[in-house]
Every structure is written in C-alpha cells, then in structure tokens.
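As recorded in TrEMBL:
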DOMAIN    71-471  domain 'Major facilitator superfamily (MFS) profile'
REGION    507-534  region 'Disordered'
TRANSMEM  12-32  transmembrane segment
TRANSMEM  74-95  transmembrane segment
TRANSMEM  107-124  transmembrane segment
TRANSMEM  136-155  transmembrane segment
TRANSMEM  162-181  transmembrane segment
TRANSMEM  201-221  transmembrane segment
TRANSMEM  233-253  transmembrane segment
TRANSMEM  319-338  transmembrane segment
TRANSMEM  359-379  transmembrane segment
TRANSMEM  385-410  transmembrane segment
TRANSMEM  417-437  transmembrane segment
TRANSMEM  449-468  transmembrane segment
Amino acid sequence: MHTYQHNIKSCFFLPFLKFFIFFRFFTIPTTMENMDLESKTVNTNFALPVDSEHKATEFRIYSVSAPHMRSFHLSWISFFSCFVSTFAAPPLLPIIRDNLDLTSTDIGNAGIAAVSGAVFARIAMGTACDLFGPRLASSALILITAPAVFLTSITNSALSFLLVRFFTGFSLATFVSTQFWMSSMFSANVVGTANGIAGGWGNLGGGATQLIMPLVFSLIHKIGANQFTAWRIAFFIPALFQALTAYAVFFLGQDMPDGDYAKLHKSGEKHKDNMLDVLYHAVTNYRGWILALTYGYCFGVELTVDNIIAQYFFDRFNVNLHTAGMIAASFGLANLFSRPGGGMLSDIVAKRFGMRGRLWVLWVVQTLGGLLCVLLGKVESLSGSIAVMLVFSVFCQAACGQTFGVVPFVSRRSLGIISGMTGGGGNVGAVLTQVIFFRGSKYSTETGITYMGIMIICCTIPILFIYFPQWGGMFYGPSSKGLTEEDYYMKEWNLKEKENGFHQASMKFAGNSRSERGKKVESVPTPIDETPNI
C-alpha cells in the first residue's frame, strides 16, 4: 500500500502539467473576431481593443492592465480565497471529527450548511451587483464573512462547527459578482472565455485547499502543537487571505470599463435602476430558471464532491489522510483548465453555430458528465476510481463554464439577478443532493454517487426547451416573425424609459450580441436603421 501511495504522489501532477502547457499554448492570447466588425472600435484610453460598450474584444491573460484585465485577476483571486475558506474543513475532517466527537450526520449537516448559506446570498448578490456594482458588493461580502473563518478555530461542538461553516459559505456568493464583473468587462465574442477562466480559477480553490490545509496542519503539528490545536491554528491562514483580497478588490477594482457605479450614476452616464423592475424581468424569464436547474447539477455536483470525496477515499480505500487529500485535490484542481476550457469551447462553437451551438455543447458535455458520475459509483478499485473521477471532473466543470457562456445573453437589464439565480441554483442542487444521498446512512457513498449521476442526466434535459426568438434553440431556428436582438432586449424597457434614453446600453449590447447568430445558422436580418420591430 505504501509503495502504491508513493506512486500516486510521484505521478500525481504530471497530467496537470501537460494540460497546463496545452492550455497555455492554445489560450494565450485569446483573440476572436467579432461577427459585427462595425460595432468594434479601438479606443486609445484602453489597453485592449473594445466594442461600443467599451467591453474588451480580446482576452490577454498575462496582462494586468486596467480596467479589464485587472478586474479579471482581482475577481478570480478573491473568489479563489472564498473557495479555500469554505472548503478548508473537509480535508481535516478526520481530525476535526475526533476532536469535536462529530457523527456522520453532524458532518453531513455541516457540509449542507456550507453550501446552503449561499443560496439566497447569491440571489441577493445579483441584485446588489445590478444596483451598486460588483466591486462594492464583492468586497463587502468577502470582508463580512472573513470573521466566520477566524471563528472556526474556537468551535467546540457540532452546532458551533455547523454555524461557522454556514456563515463562511455565504462567501461563495462572490461567484455571482465574478461572473457579473466579467460580463460587464468583456464583449460577446470572448465573454464565455472570461467567465470560464475567472470562475474556473476561482473554483480551483476547492482543490487547492485539499492540499493547503493538510500541509499547513502538518507544519504546525511538527513545530510542536498537538493535532487538536494544530487544525485550529491552520484556519488563520485562509481567514487572513480572504480578508486581504477584500481590500484589494475595493481599492484596486473598477465596476465598469468607464468607471464605478457611483461615479456613473452621479454623472448621469448610467441611470439608477428600479430594483422591482430588475427583479421582475429576471423572474419572468424562464431561461434563467432552466439554467439555474441545470447549473445545480454541474456546479452543485462539484460542491458536493468537494465535501465528500476526501472522506470517501479515506474510508473506502484505506489511504492515509495526506493521500486522500491529494486525490480529492485533483478533482478541484482540474478547474485550472476544465472550466476555462468549457467557456472557450462555448465561444468557439458560437463563432460558427451561434447560440444554438452553445446550447448543444452544454447539453452534450453535461450529459456525458452524468454518465461518468454513474460509472464512478460503480468502480471498485482505487486506480479505476481515480481515473474515472479525473475524467468526470473535466466534464462536470466544463459544463459550468459553458453554462455561463449562455447566461450573459438571457437578459441585459437583469444580468445580475439572472447570474444570481443561476449561481444560487448551483447551491440548491448541492444542498438537495447532499440531503438526499449523503446525509446519514441511508445510502452508501458509492451508491449516492451513482444516483447523483442519474440526477445529472435527468436535470440536463430541460436545456432542450431553451429558445431565443432571434437565434433559435437546439432543434428550431429563429422565429419566422423576423425578431431581432433589439426586439428581444428592448422588451425589458417600457415606453417612458425608452423616451428617457435608459435603454441605450441594451441597444448597444444587442448590436454587439449579433455574433450569436453564428456563421452556419440562419438568423433574422438586422433592420437597416437598427430600429426594433414593433
């Protein structure tokens, strides 16, 4: 067993090194030509070429230029810190379990609490982003939840452990601000890539913490602290990291390409929207609800696996704590390339097949992920389980990136709440899955994993019913009524608002989103005067 574990450690990072080289070669820099070149402008005030909304039309990953690429790096690093904090406990559960006398039900409840706290927080975050901007919304939440991470070090019961995991989990709502921020900074032709990489590298924290926390614990333990003291001290590392990223976002970030919300509201360049109107247009758009459901069984599954996988390998295959942590880390670390790859694939397919291509690739990839999850629950060998888990992680996380290749086009006015609904759906899926399959002893963990795979397949089917009248759906082309992008996005504004010019940003977005027609998909003609059909 020791020789086998040594082999696992020695070759563990080789696949990730290969994928990173592949990812770097094919993605840096990422440049895609917009289908509507007339909407693309070059503004000397920005380091990157931009469209009519001043959103970047190129994605240069090594750049830190303000505001586009600086916002990208601030968003993923801050989200990464929140993931590290939220999932800092699972890799140390064998020690924490003995210290606090936790039962399997206590552990299951704490895992559910960690992801349930963000359900409504994500919806609230979407509203906050729409009204106040992603910089202020994100930094405030990160800073408010940091004390819960510090307080983990003084928990002394199952209830206090559950509470700190619950409140720490609120920080995962920063995912919504991350996706909103990227959708506000990057144009239609690269928004899937930007969302995928920012979300994927943020989610990477769920894998990194599986390595970081056992390492920090081991170092503190070797210095002289006993193991029940060492795990408590270890929590100061993710807590401090999270607090520092909050200050970085607040002082170094910028809401929009043209400035912060407060400045734009004051100058009149952006009108202060009505929360009820924004909410109405979000909850009445059925596409947002379908994406929330399907996201519950890609990202929701990822959260579930982050909570259960280390203990699963520790208990079922009798590996030691460090090895179980390394195996579990491989699932989250796949986010280095898998979720970004999903977003890139969505953009690449859309360039040729438009929105219909985005929907098709999302359905195919997530369904294959469900089949692999079923297989994972059936494999009985350690090496086979690791292999299937690695492939499953790629498809699961790629589907997350592809989901947010579609989300930015559902609504322009209510983008924040649509993002929040979808992100919240991910947490709801995680909560339901853990309550049904991984709480208590009704099902063995391997049986729960198999049933989880079946749910993935079933909950992906509704993607077939998503239809955009200007672009079509998976099985049907655009509406025969000749509706345009302008018609679709102008429905969110009433006549009085249009007279006041509040709809101008949506008009610009409509023009920039014509690339979703694709080259191979028949689409509606654009009115010569760009006036929506009535």
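Heads up, the Cβ atoms here are built off N, Cα and C, so glycines get one too.
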Segment-segment contact (the transmembrane segment (136-155); the transmembrane segment (233-253)) at 3 or more Cβ pairs under 8 Å: yes
Same-chain residues near the transmembrane segment (449-468), Cβ under 8 Å, at least 6 residues beyond its ends: 287, 290-291, 293-294, 296-298, 301, 304, 312, 355, 359, 362-363, 366-367, 369-378, 406, 409, 429, 433, 436-437, 443, 474-476, 478, 488, 516
The transmembrane segment (201-221) and the transmembrane segment (417-437) contact flag, 3+ Cβ pairs under 8 angstroms: no
Long-range Cβ neighbours of the transmembrane segment (359-379) (under 8 Å; 6 or more residues past either end): 294, 297-298, 301, 342, 345-346, 349, 353, 385, 388-389, 391-392, 395-396, 398-399, 402-403, 405-406, 446-457, 460, 463-464, 466, 473-474
Whether the transmembrane segment (417-437) meets the transmembrane segment (107-124): three or more C-beta pairs under 8 angstroms: yes
Annotated stretches the transmembrane segment (74-95) and the transmembrane segment (385-410) touching (3 or more Cβ pairs under 8 Å): no
